[in-house]
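J.: Here's a structure for you.
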Amino acid sequence: MFRTLMNAKIHRARVTEANLNYVGSITIDEDILDAVGMVPNEKVQIVNNNNGARFETYIIPGERGSGVFCLNGAAARLVQKDDIIIVISYVLVPEEKLTSHRPKIAIMDEHNRIKELIVQEPAATVL
């Protein structure tokens, strides 16, 4: 049996743009993707801390070092520039690997730079 577990999380990223007329997805700085192990075209869940919206889309790599977090297409209706979001990817893990699975979490600063990189969810996330 497999369980769906969090594989990676980008916590408290700031939306830099919302582009309604682009063909779907979220554009994320490729340096940030590499740091947490997310990949282009990967399905992700987006949580908007400002309005509570939760939705799914897929990743498009953005310019390295840009700090870009741009919601494209219909998803642009669910965010505004400067909203704080969480981006989460999931993975299917077999029962025998459940205790050894370690997700990567990037805690972002107000300029979309990685403030802290954690391997495994902290016991309490109060920021």
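Residue positions begin at 1 at the first shown residue.
Here the Cβ of each residue, glycine as well, is placed from N, Cα and C on the backbone.
Relevant sequence annotations retrieved from Swiss-Prot are reproduced here:
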ACT_SITE  Ser25  active site, schiff-base intermediate with substrate
MOD_RES   Ser25  pyruvic acid (Ser)
BINDING   Thr57, Gly73, Ala74, Ala75  substrate binding site
ACT_SITE  Tyr58  active site, proton donor
J.: Starting from the Cβ of Ala74 (substrate binding site), draw a 10 Å sphere and report how many other Cβ atoms land inside it.
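T.: I get 11 for this one.
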J.: Between the residue listed as 'active site, schiff-base intermediate with substrate' and Gly73 (substrate binding site), find the distance joining the two CA atoms and give it rounded to the nearest Å.
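T.: With the alpha carbons as reference points, the distance is 7 Å.
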J.: Given a separation of at least six residues and a C-beta threshold under 8 Å, show me what packs close to Ala75 (substrate binding site) in the same chain.
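T.: When sequence neighbours closer than 6 are ignored, Ala75 (substrate binding site) has Ala18, Gly24, Ser25, Ile26, Ile46, Phe55, Thr57 within Cβ distance under 8 Å.
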J.: Give me the CA-CA distance between Gly73 (substrate binding site) and Tyr58 (active site, proton donor), in Å, as a whole number.
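T.: Between the Cα atoms of Gly73 (substrate binding site) and Tyr58 (active site, proton donor), the distance comes to 11 Å.
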J.: Using DSSP and collapsing to three states, where does the residue listed as 'active site, schiff-base intermediate with substrate' fall: helix, strand or coil?
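T.: Looking at the DSSP assignment, the residue listed as 'active site, schiff-base intermediate with substrate' belongs to neither helix nor strand, so coil.
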